[in-house]
Amino acid sequence: MKKSLLAVAVAGAVLLSSAVQAQTTPEGYQLQQVLMMSRHNLRAPLANNGSVLAQSTPNAWPAWDVPGGQLTTKGGVLEVYMGHYTREWLVAQGLIPSGECPAPDTVYAYANSLQRTVATAQFFITGAFPGCDIPVHHQEKMGTMDPTFNPVITDDSAAFRQQAVQAMEKARSQLHLDESYKLLEQITHYQDSPSCKEKHQCSLIDAKDTFSANYQQEPGVQGPLKVGNSLVDAFTLQYYEGFPMDQVAWGGIHTDRQWKVLSKLKNGYQDSLFTSPTVARNVAAPLVKYIDKVLVADRVSAPKVTVLVGHDSNIASLLTALDFKPYQLHDQYERTPIGGQLVFQRWHDGNANRDLMKIEYVYQSARQLRNAEALTLKSPAQRVTLELKGCPVDANGFCPLDKFDNVMNTAAK
């Protein structure tokens, strides 16, 4: 079943018409280099006995067909579609040729060394370049975090730990989550959960969060924010996977507004842990340095296309570390959606003989993910232009490359 489903997805992606119109770009502009920082695609939640999920409801969790945390079959299909769409876009911009494999060393794929990230990269390459010999690079030891993608605290001083915890507490204090917790308690029947009956923890609203910023560990939190994130993450993954709606959160989510209220918990968890400047600049430093090397220091010799696959924590901390302006993603509840990509694009304006940078968030809408909609330039992924505070964009979303270089050089120090 899995193999046939994926075979259909790959074949369908290849057969979809490539005679489509490109996104309009100013006359004389030529795309020269692209770096995509992607979040892995659809995975199964962690619902082991004794986990946060099992402790938070008397209800039984639906079964998944892969172990917790691993990329699902549908996640592979979705990533094939994203790869195919990206290939169409790259061809339309003239960066790679149509109908043939890219020249050697044109495309470089690098993923964190977990199953869901490596598999995501493999499916993306299959969708973008079917039949082409393009390896996915990763650490040899699977199941361990690659330092480039590992968002851990690297400052072991007590002063930094205190600053980081205070920054996370401040970010949490700016969130208004009571309505979200109330709805979550109703959906999970939290009053009847093991947490309430056995541990006497019966109110997510009244409980307190405790943050940590320990050396060589990810920023952490214990308390209702962690519980809320775990539960809403599981509901979101069920929705994307295509579970019947009476099985998604046991049929407890009926409206778009309820999704938005619940998603405040997941987004708030990420914002609290990974988007304060103090924490983000520290945990994203290895990734910032890698991107600076590819897009700035070594750009003349770098591959035309670089594909990086990591996690939502990588994207969230990177957005803060580089000081992007606030953004809104339409048709999505997540701030850093499953399978979504930050797409850095280096362009040359031949008319004015100048180099430019454009950065977009490219992602699948919640509906596209649930319905497994094939992506083409005629039925595209969603695209939202992002702006760095240090590199103001023009009406078409482009900023001067020298200003982008300054942003990267400062962030990579």
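Just so you know, glycine gets a Cβ as well, placed from its N, Cα and C.
The structure displayed is predicted, hence computed values, not measured ones.
Quick look at what Swiss-Prot lists:
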ACT_SITE  His40  active site, nucleophile
ACT_SITE  Asp312  active site, proton donor
BINDING   Arg39, Arg43, Arg116, Glu218  substrate binding site
SIGNAL    1-22  signal peptide
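Here the features listed in Swiss-Prot are painted onto the structure.
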residue	record	Cβ contacts under 8 Å, 6 or more apart
Arg39	substrate binding site	Val309, Gly310, His311, Asp312, Asn314, Ile315, Thr336, Pro337, Ile338, Gly339, Gly340, Gln341
His40	active site, nucleophile	Leu71, Gly75, Leu114, Arg116, Thr117, Ala119, Thr120, Val309, Gly310, His311, Ile338, Gly339
Arg43	substrate binding site	Val66, Gly69, Gln70, Leu71, Thr72, Gly75, Arg116, Leu237, Ile338
Glu218	substrate binding site	Pro151, Val152, Ile153, Leu273, Val283, Ser313
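Using a 10 Å Cβ-Cβ cutoff, the residue listed as 'active site, proton donor' registers 21 neighbours. Per the record's binding annotation for substrate, residues Arg39, Arg43, Arg116, Glu218 show a top Cα-Cα distance of 20 Å.
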